[in-house]
(Lines of atoms letter the chains of each structure in order from A and count residues from 1; the text may use other names and numbers.)
(Lines give C-alpha, C1' and ligand atoms only; values in the text may rest on other atoms or scores of the structure.)
Protein backbone atom coordinates (compact mmCIF):
# COMPACT_ATOMS: atom_id res chain seq x y z
CA UNK A 1 0.00 0.00 0.00
CA UNK A 2 1.48 3.39 -0.99
CA UNK A 3 1.75 6.42 1.26
CA UNK A 4 -1.27 8.20 -0.23
CA UNK A 5 -3.52 5.20 0.37
CA UNK A 6 -2.27 4.86 3.94
CA UNK A 7 -2.94 8.54 4.54
CA UNK A 8 -6.48 8.18 3.13
CA UNK A 9 -7.07 5.21 5.40
CA UNK A 10 -6.03 7.25 8.44
CA UNK A 11 -8.39 10.11 7.48
CA UNK A 12 -11.42 7.94 6.73
CA UNK A 13 -12.67 7.37 10.29
CA UNK A 14 -12.80 11.09 10.98
CA UNK A 15 -14.99 11.57 7.89
CA UNK A 16 -17.33 8.67 8.47
CA UNK A 17 -18.22 8.74 12.07
CA UNK A 18 -14.90 8.44 13.84
CA UNK A 19 -15.02 11.96 15.21
CA UNK A 20 -15.85 11.84 18.92
CA UNK A 21 -18.39 14.58 18.53
CA UNK A 22 -19.85 13.49 15.23
CA UNK A 23 -23.35 12.65 14.21
CA UNK A 24 -23.15 9.14 15.58
CA UNK A 25 -23.12 10.52 19.10
CA UNK A 26 -26.00 12.99 19.02
CA UNK A 27 -27.67 12.93 15.63
CA UNK A 28 -26.01 16.21 14.65
CA UNK A 29 -26.64 17.17 11.03
CA UNK A 30 -25.34 19.71 8.56
CA UNK A 31 -28.47 21.79 9.17
CA UNK A 32 -27.66 21.95 12.88
CA UNK A 33 -24.01 22.80 12.27
CA UNK A 34 -25.07 25.59 9.92
CA UNK A 35 -27.33 27.12 12.57
CA UNK A 36 -24.56 26.81 15.17
CA UNK A 37 -22.41 29.17 13.11
CA UNK A 38 -24.81 31.99 14.07
CA UNK A 39 -24.56 31.33 17.80
CA UNK A 40 -22.36 33.00 20.36
CA UNK A 41 -21.34 32.13 23.89
CA UNK A 42 -23.20 33.84 26.68
CA UNK A 43 -21.25 35.87 29.24
CA UNK A 44 -21.84 34.08 32.54
CA UNK A 45 -20.03 36.81 34.50
CA UNK A 46 -23.03 39.11 34.24
CA UNK A 47 -25.34 36.50 35.72
CA UNK A 48 -22.98 35.75 38.60
CA UNK A 49 -23.12 39.40 39.66
CA UNK A 50 -26.86 39.18 40.38
CA UNK A 51 -27.19 39.42 44.20
CA UNK A 52 -30.30 37.18 44.44
CA UNK A 53 -29.04 33.62 44.08
CA UNK A 54 -32.40 31.96 43.12
CA UNK A 55 -32.68 34.31 40.14
CA UNK A 56 -29.32 33.34 38.64
CA UNK A 57 -30.44 30.04 37.00
CA UNK A 58 -33.51 31.75 35.52
CA UNK A 59 -31.49 34.66 34.16
CA UNK A 60 -28.84 32.28 32.80
CA UNK A 61 -31.58 30.36 31.01
CA UNK A 62 -33.05 33.53 29.52
CA UNK A 63 -29.60 34.73 28.51
CA UNK A 64 -28.83 31.46 26.71
CA UNK A 65 -32.15 31.42 24.85
CA UNK A 66 -32.39 35.06 23.81
CA UNK A 67 -28.79 36.29 23.70
CA UNK A 68 -27.06 33.11 22.53
CA UNK A 69 -27.46 34.03 18.88
CA UNK A 70 -26.02 36.70 16.62
CA UNK A 71 -29.58 37.35 15.44
CA UNK A 72 -30.68 38.54 18.91
CA UNK A 73 -30.84 42.10 17.60
CA UNK A 74 -33.98 41.10 15.64
CA UNK A 75 -35.92 39.83 18.68
CA UNK A 76 -37.48 43.27 19.41
CA UNK A 77 -39.38 42.88 16.14
CA UNK A 78 -41.53 40.18 17.80
CA UNK A 79 -43.20 42.38 20.46
CA UNK A 80 -43.31 45.27 17.99
CA UNK A 81 -45.26 43.10 15.54
CA UNK A 82 -47.73 42.16 18.27
CA UNK A 83 -48.07 45.81 19.28
CA UNK A 84 -48.56 46.86 15.65
CA UNK A 85 -51.36 44.30 15.31
CA UNK A 86 -53.04 45.22 18.61
CA UNK A 87 -52.87 48.99 18.10
CA UNK A 88 -53.58 48.79 14.34
CA UNK A 89 -50.45 50.63 13.17
CA UNK A 90 -51.02 49.41 9.64
CA UNK A 91 -50.95 45.98 8.05
CA UNK A 92 -47.75 46.71 6.14
CA UNK A 93 -45.96 47.30 9.45
CA UNK A 94 -47.42 44.12 10.87
CA UNK A 95 -46.24 42.15 7.84
CA UNK A 96 -42.71 43.58 7.83
CA UNK A 97 -42.16 43.26 11.58
CA UNK A 98 -43.55 39.72 11.61
CA UNK A 99 -41.13 38.67 8.86
CA UNK A 100 -38.21 40.15 10.77
CA UNK A 101 -39.32 38.45 13.98
CA UNK A 102 -39.51 35.05 12.29
CA UNK A 103 -35.78 35.12 11.44
CA UNK A 104 -34.34 34.69 14.97
CA UNK A 105 -37.23 32.46 16.02
CA UNK A 106 -36.44 29.98 13.23
CA UNK A 107 -32.79 29.83 14.35
CA UNK A 108 -33.79 29.34 18.00
CA UNK A 109 -36.08 26.43 17.10
CA UNK A 110 -33.08 24.75 15.46
CA UNK A 111 -31.00 25.40 18.59
CA UNK A 112 -33.67 23.99 20.91
CA UNK A 113 -34.16 20.84 18.84
CA UNK A 114 -30.40 20.26 19.03
CA UNK A 115 -30.51 20.68 22.81
CA UNK A 116 -33.28 18.09 23.05
CA UNK A 117 -31.34 15.77 20.73
CA UNK A 118 -28.45 15.76 23.20
CA UNK A 119 -30.75 14.02 25.69
CA UNK A 120 -32.74 11.78 23.34
CA UNK A 121 -29.99 10.19 21.22
CA UNK A 122 -29.14 10.26 17.51
CA UNK A 123 -32.29 8.66 16.08
CA UNK A 124 -34.82 10.83 17.90
CA UNK A 125 -32.58 13.85 17.39
CA UNK A 126 -32.45 13.18 13.66
CA UNK A 127 -36.23 12.80 13.52
CA UNK A 128 -36.67 16.07 15.41
CA UNK A 129 -34.43 17.83 12.92
CA UNK A 130 -36.28 16.17 10.03
CA UNK A 131 -39.64 17.49 11.26
CA UNK A 132 -38.69 20.84 12.84
CA UNK A 133 -35.99 21.90 10.38
CA UNK A 134 -38.56 23.88 8.35
CA UNK A 135 -41.11 24.52 11.08
CA UNK A 136 -41.62 28.14 9.99
CA UNK A 137 -42.61 27.19 6.43
CA UNK A 138 -44.91 24.44 7.69
CA UNK A 139 -46.69 26.70 10.18
CA UNK A 140 -47.16 29.46 7.58
CA UNK A 141 -48.61 26.85 5.20
CA UNK A 142 -51.05 25.58 7.81
CA UNK A 143 -52.35 29.06 8.65
CA UNK A 144 -52.71 29.87 4.95
CA UNK A 145 -54.73 26.67 4.55
CA UNK A 146 -56.98 27.67 7.44
CA UNK A 147 -57.72 30.92 5.62
CA UNK A 148 -58.23 29.11 2.31
CA UNK A 149 -55.25 30.83 0.65
CA UNK A 150 -54.08 27.81 -1.29
CA UNK A 151 -52.04 29.79 -3.81
CA UNK A 152 -50.05 31.35 -0.96
CA UNK A 153 -49.29 27.85 0.35
CA UNK A 154 -48.16 26.60 -3.04
CA UNK A 155 -46.08 29.66 -3.89
CA UNK A 156 -44.37 29.83 -0.49
CA UNK A 157 -43.42 26.14 -0.54
CA UNK A 158 -42.27 26.33 -4.16
CA UNK A 159 -40.26 29.44 -3.30
CA UNK A 160 -38.58 27.67 -0.38
CA UNK A 161 -37.31 24.94 -2.69
CA UNK A 162 -36.16 27.44 -5.32
CA UNK A 163 -34.50 29.61 -2.68
CA UNK A 164 -32.51 26.71 -1.21
CA UNK A 165 -31.45 25.26 -4.56
CA UNK A 166 -30.57 28.47 -6.38
CA UNK A 167 -30.15 31.37 -3.95
CA UNK A 168 -28.69 29.68 -0.85
CA UNK A 169 -26.56 27.17 -2.75
CA UNK A 170 -25.62 29.64 -5.48
CA UNK A 171 -24.46 32.41 -3.14
CA UNK A 172 -22.60 29.86 -1.00
CA UNK A 173 -20.73 28.38 -3.96
CA UNK A 174 -19.94 31.85 -5.29
CA UNK A 175 -18.64 33.23 -1.98
CA UNK A 176 -16.75 30.03 -1.19
CA UNK A 177 -15.22 29.98 -4.66
CA UNK A 178 -14.04 33.60 -4.46
CA UNK A 179 -12.50 33.25 -0.99
CA UNK A 180 -10.90 29.87 -1.74
CA UNK A 181 -9.82 30.82 -5.25
CA UNK A 182 -6.50 28.98 -5.14
CA UNK A 183 -7.72 25.90 -3.25
CA UNK A 184 -9.54 22.82 -4.44
CA UNK A 185 -13.19 22.68 -3.34
CA UNK A 186 -14.26 19.04 -3.27
CA UNK A 187 -17.42 17.58 -1.75
CA UNK A 188 -19.00 14.16 -1.43
CA UNK A 189 -21.28 13.51 -4.41
CA UNK A 190 -23.15 10.64 -2.75
CA UNK A 191 -25.21 12.92 -0.51
CA UNK A 192 -26.11 15.30 -3.34
CA UNK A 193 -27.06 12.40 -5.63
CA UNK A 194 -29.54 11.10 -3.04
CA UNK A 195 -31.10 14.53 -2.54
CA UNK A 196 -31.40 15.36 -6.24
CA UNK A 197 -32.95 11.95 -6.91
CA UNK A 198 -35.65 12.65 -4.32
CA UNK A 199 -36.18 16.13 -5.74
CA UNK A 200 -36.75 14.68 -9.21
CA UNK A 201 -39.34 12.31 -7.72
CA UNK A 202 -41.03 15.31 -6.11
CA UNK A 203 -41.12 17.15 -9.45
CA UNK A 204 -42.63 14.08 -11.12
CA UNK A 205 -45.39 13.81 -8.51
CA UNK A 206 -46.16 17.52 -8.76
CA UNK A 207 -46.20 17.37 -12.57
CA UNK A 208 -48.75 14.57 -12.91
CA UNK A 209 -51.89 16.58 -11.98
CA UNK A 210 -50.76 19.40 -14.28
CA UNK A 211 -50.10 17.02 -17.18
CA UNK A 212 -53.43 15.29 -16.58
CA UNK A 213 -55.28 18.60 -16.71
CA UNK A 214 -53.66 19.55 -20.01
CA UNK A 215 -54.14 16.07 -21.50
CA UNK A 216 -57.84 16.09 -20.67
CA UNK A 217 -58.23 19.67 -21.86
CA UNK A 218 -56.66 18.73 -25.21
CA UNK A 219 -59.09 15.83 -25.61
CA UNK A 220 -56.35 13.20 -25.57
CA UNK A 221 -57.71 11.48 -22.45
CA UNK A 222 -60.84 11.41 -20.33
CA UNK A 223 -61.35 11.00 -16.59
CA UNK A 224 -64.19 9.61 -14.53
CA UNK A 225 -64.86 12.80 -12.51
CA UNK A 226 -63.76 16.41 -12.12
CA UNK A 227 -62.08 15.50 -8.83
CA UNK A 228 -59.83 12.84 -10.37
CA UNK A 229 -56.80 15.15 -10.37
CA UNK A 230 -57.42 15.91 -6.70
CA UNK A 231 -57.45 12.20 -5.85
CA UNK A 232 -54.30 11.74 -7.94
CA UNK A 233 -52.61 14.52 -5.94
CA UNK A 234 -53.47 12.84 -2.67
CA UNK A 235 -52.17 9.49 -3.90
CA UNK A 236 -48.93 11.13 -5.08
CA UNK A 237 -48.64 12.86 -1.69
CA UNK A 238 -48.76 9.49 0.06
CA UNK A 239 -46.04 8.22 -2.29
CA UNK A 240 -43.89 11.26 -1.52
CA UNK A 241 -44.26 10.77 2.23
CA UNK A 242 -43.35 7.09 1.89
CA UNK A 243 -40.25 8.12 -0.06
CA UNK A 244 -39.38 10.61 2.67
CA UNK A 245 -39.74 7.95 5.37
CA UNK A 246 -37.44 5.68 3.34
CA UNK A 247 -35.02 8.60 3.03
CA UNK A 248 -35.01 9.10 6.80
CA UNK A 249 -34.33 5.40 7.38
CA UNK A 250 -31.53 5.60 4.81
CA UNK A 251 -30.11 8.75 6.40
CA UNK A 252 -30.40 7.82 10.08
CA UNK A 253 -29.83 4.06 10.02
CA UNK A 254 -28.41 2.23 7.04
CA UNK A 255 -26.21 4.91 5.41
CA UNK A 256 -25.74 7.54 8.10
CA UNK A 257 -22.03 7.87 7.25
CA UNK A 258 -22.96 9.56 3.96
CA UNK A 259 -24.66 12.42 5.80
CA UNK A 260 -22.08 13.14 8.48
CA UNK A 261 -20.79 16.70 8.20
CA UNK A 262 -17.14 16.75 7.27
CA UNK A 263 -14.93 18.29 9.94
CA UNK A 264 -11.39 19.33 9.21
CA UNK A 265 -8.42 19.95 11.47
CA UNK A 266 -9.06 22.55 14.16
CA UNK A 267 -12.79 21.86 14.49
CA UNK A 268 -12.50 19.50 17.44
CA UNK A 269 -12.60 22.11 20.20
CA UNK A 270 -15.46 23.99 18.56
CA UNK A 271 -17.45 20.79 18.09
CA UNK A 272 -16.86 19.81 21.69
CA UNK A 273 -18.29 23.12 22.87
CA UNK A 274 -21.33 22.77 20.63
CA UNK A 275 -22.04 19.26 21.88
CA UNK A 276 -22.37 20.31 25.53
CA UNK A 277 -25.98 20.83 26.61
CA UNK A 278 -26.56 24.37 27.87
CA UNK A 279 -30.25 23.86 28.73
CA UNK A 280 -32.04 21.15 30.67
CA UNK A 281 -34.44 18.85 28.83
CA UNK A 282 -37.52 20.33 30.50
CA UNK A 283 -36.36 23.86 29.83
CA UNK A 284 -35.59 23.11 26.17
CA UNK A 285 -39.04 21.54 25.69
CA UNK A 286 -40.73 24.53 27.34
CA UNK A 287 -38.92 27.05 25.16
CA UNK A 288 -39.49 24.97 22.01
CA UNK A 289 -43.25 24.94 22.65
CA UNK A 290 -43.26 28.66 23.46
CA UNK A 291 -41.21 29.55 20.36
CA UNK A 292 -43.56 27.45 18.20
CA UNK A 293 -46.56 29.32 19.61
CA UNK A 294 -44.92 32.68 18.89
CA UNK A 295 -44.04 31.55 15.35
CA UNK A 296 -47.68 30.55 14.91
CA UNK A 297 -48.85 34.01 15.98
CA UNK A 298 -46.46 35.79 13.63
CA UNK A 299 -47.29 33.38 10.80
CA UNK A 300 -50.97 34.23 11.20
CA UNK A 301 -50.08 37.91 11.00
CA UNK A 302 -48.06 37.34 7.81
CA UNK A 303 -50.82 35.36 6.10
CA UNK A 304 -53.50 37.84 7.14
CA UNK A 305 -51.63 40.92 5.88
CA UNK A 306 -50.02 39.60 2.71
CA UNK A 307 -52.70 40.91 0.34
CA UNK A 308 -52.75 44.41 1.88
CA UNK A 309 -48.96 44.49 1.69
CA UNK A 310 -49.13 43.41 -1.94
CA UNK A 311 -51.40 46.33 -2.79
CA UNK A 312 -49.36 48.81 -0.75
CA UNK A 313 -45.98 47.78 -2.19
CA UNK A 314 -47.24 47.25 -5.73
CA UNK A 315 -45.99 43.66 -5.77
CA UNK A 316 -48.01 40.62 -6.75
CA UNK A 317 -48.95 38.11 -4.07
CA UNK A 318 -47.20 35.29 -6.01
CA UNK A 319 -43.95 37.31 -5.99
CA UNK A 320 -44.16 38.01 -2.26
CA UNK A 321 -45.05 34.38 -1.52
CA UNK A 322 -42.47 32.86 -3.84
CA UNK A 323 -39.53 35.22 -3.35
CA UNK A 324 -39.81 37.35 -0.19
CA UNK A 325 -41.28 34.85 2.28
CA UNK A 326 -38.73 32.07 1.55
CA UNK A 327 -35.79 34.48 1.70
CA UNK A 328 -36.83 35.53 5.21
CA UNK A 329 -37.66 31.97 6.29
CA UNK A 330 -34.27 30.71 5.09
CA UNK A 331 -32.23 33.69 6.30
CA UNK A 332 -30.53 31.83 9.17
CA UNK A 333 -29.76 28.80 6.97
CA UNK A 334 -28.57 31.12 4.22
CA UNK A 335 -26.05 32.84 6.47
CA UNK A 336 -24.83 29.56 7.98
CA UNK A 337 -24.38 27.91 4.57
CA UNK A 338 -22.29 30.85 3.33
CA UNK A 339 -20.13 30.82 6.46
CA UNK A 340 -19.24 27.16 5.99
CA UNK A 341 -18.67 27.67 2.27
CA UNK A 342 -16.18 30.41 3.14
CA UNK A 343 -14.40 27.85 5.33
CA UNK A 344 -14.34 25.44 2.35
CA UNK A 345 -16.69 22.98 4.11
CA UNK A 346 -18.98 22.34 1.17
CA UNK A 347 -20.38 19.08 2.55
CA UNK A 348 -22.11 21.09 5.28
CA UNK A 349 -23.26 23.73 2.79
CA UNK A 350 -24.75 21.10 0.50
CA UNK A 351 -26.33 19.35 3.46
CA UNK A 352 -28.08 22.59 4.44
CA UNK A 353 -29.32 23.65 0.99
CA UNK A 354 -30.21 20.25 -0.47
CA UNK A 355 -31.46 18.86 2.83
CA UNK A 356 -33.85 21.75 3.37
CA UNK A 357 -35.09 21.64 -0.23
CA UNK A 358 -35.68 17.89 0.04
CA UNK A 359 -37.53 18.30 3.32
CA UNK A 360 -39.84 20.95 1.86
CA UNK A 361 -40.48 19.08 -1.39
CA UNK A 362 -40.93 15.54 0.00
CA UNK A 363 -42.36 16.25 3.46
CA UNK A 364 -43.95 19.68 3.86
CA UNK A 365 -45.66 19.78 0.42
CA UNK A 366 -47.36 16.35 0.62
CA UNK A 367 -48.15 16.85 4.29
CA UNK A 368 -49.91 20.12 3.42
CA UNK A 369 -52.03 18.30 0.83
CA UNK A 370 -53.05 15.60 3.29
CA UNK A 371 -53.70 18.08 6.12
CA UNK A 372 -55.84 20.12 3.73
CA UNK A 373 -57.75 16.91 2.93
CA UNK A 374 -58.45 16.43 6.64
CA UNK A 375 -59.52 20.08 6.96
CA UNK A 376 -61.90 19.76 4.01
CA UNK A 377 -59.81 22.09 1.81
CA UNK A 378 -59.30 20.73 -1.69
CA UNK A 379 -55.62 21.47 -2.20
CA UNK A 380 -53.85 19.55 -4.95
CA UNK A 381 -50.34 19.25 -6.39
CA UNK A 382 -51.11 21.26 -9.53
CA UNK A 383 -48.67 24.15 -9.11
CA UNK A 384 -49.53 25.53 -12.57
CA UNK A 385 -47.29 25.57 -15.61
CA UNK A 386 -44.91 28.42 -14.79
CA UNK A 387 -44.27 27.23 -11.25
CA UNK A 388 -43.81 23.57 -12.16
CA UNK A 389 -41.43 24.28 -15.05
CA UNK A 390 -39.41 26.66 -12.84
CA UNK A 391 -39.08 23.93 -10.22
CA UNK A 392 -38.04 21.32 -12.79
CA UNK A 393 -35.40 23.61 -14.31
CA UNK A 394 -34.06 24.49 -10.86
CA UNK A 395 -33.65 20.83 -9.90
CA UNK A 396 -32.14 20.00 -13.29
CA UNK A 397 -29.62 22.86 -13.19
CA UNK A 398 -28.65 21.99 -9.61
CA UNK A 399 -28.16 18.31 -10.50
CA UNK A 400 -25.92 19.16 -13.45
CA UNK A 401 -23.99 21.71 -11.39
CA UNK A 402 -23.15 19.17 -8.69
CA UNK A 403 -22.35 16.19 -10.90
CA UNK A 404 -18.52 16.38 -10.86
CA UNK A 405 -17.83 16.58 -7.10
CA UNK A 406 -15.94 19.89 -7.17
CA UNK A 407 -17.01 23.52 -7.02
CA UNK A 408 -15.88 26.98 -8.16
CA UNK A 409 -17.37 30.45 -8.15
CA UNK A 410 -18.77 30.21 -11.70
CA UNK A 411 -21.20 27.49 -10.59
CA UNK A 412 -22.50 29.84 -7.93
CA UNK A 413 -22.92 32.64 -10.45
CA UNK A 414 -24.95 30.39 -12.76
CA UNK A 415 -27.30 29.31 -9.96
CA UNK A 416 -27.77 32.91 -8.82
CA UNK A 417 -28.54 34.09 -12.36
CA UNK A 418 -31.13 31.33 -12.73
CA UNK A 419 -32.77 32.53 -9.51
CA UNK A 420 -32.76 36.14 -10.73
CA UNK A 421 -34.44 35.17 -14.00
CA UNK A 422 -37.12 33.13 -12.20
CA UNK A 423 -37.64 35.94 -9.68
CA UNK A 424 -38.00 38.48 -12.48
CA UNK A 425 -40.64 36.28 -14.10
CA UNK A 426 -42.69 36.17 -10.90
CA UNK A 427 -42.15 39.93 -10.45
CA UNK A 428 -43.89 40.74 -13.72
CA UNK A 429 -46.76 38.29 -13.21
CA UNK A 430 -50.07 39.50 -11.84
CA UNK A 431 -53.10 37.63 -10.52
CA UNK A 432 -55.79 37.42 -13.25
CA UNK A 433 -58.78 39.67 -12.68
CA UNK A 434 -61.50 37.99 -10.71
CA UNK A 435 -59.18 35.36 -9.24
CA UNK A 436 -58.57 36.06 -5.60
CA UNK A 437 -56.42 33.99 -3.31
CA UNK A 438 -59.17 33.27 -0.81
CA UNK A 439 -60.61 30.24 -2.55
CA UNK A 440 -63.56 28.39 -1.02
CA UNK A 441 -62.89 24.76 -0.39
CA UNK A 442 -65.70 23.71 -2.69
CA UNK A 443 -64.09 25.34 -5.75
CA UNK A 444 -60.43 24.48 -5.35
CA UNK A 445 -60.48 21.14 -7.14
CA UNK A 446 -58.53 20.92 -10.37
CA UNK A 447 -60.80 21.28 -13.37
CA UNK A 448 -60.05 18.55 -15.85
CA UNK A 449 -63.07 18.84 -18.07
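Cβ atoms are placed via backbone N, Cα and C, with glycine included.
Here TrEMBL gives transmembrane segment for one range in the set 56-78, 194-216: that range is 194-216.
Segment annotation: TrEMBL labels transmembrane segment over residues 89-106 (candidates 35-52, 89-106, 107-124).
Across 158-182, 228-250, 348-373, 385-403, stretch 158-182 shows the highest tally of CB pairs under 8 A with the transmembrane segment (409-428). Between the transmembrane segment (284-303) and the stretches 89-106, 194-216, 348-373, 385-403, Cβ pairs under 8 Å are most numerous for 89-106. Where the transmembrane segment (348-373) meets the stretches 158-182, 194-216, 385-403, the count of C-beta pairs under 8 angstroms peaks at 158-182. Taking every listed stretch (89-106, 194-216, 228-250) in turn, the largest tally of C-beta pairs under 8 A with the transmembrane segment (315-342) is reached by 89-106.
With a cut-off of 8 Å between Cβ atoms, the residues of this chain six or more beyond the transmembrane segment (385-403) that come close are 154-155, 158, 161-162, 165-166, 169, 173, 187, 189, 192, 196, 199-200, 203, 206-207, 210, 322, 350, 354, 411, 414-415, 418, 422, 425, 429.
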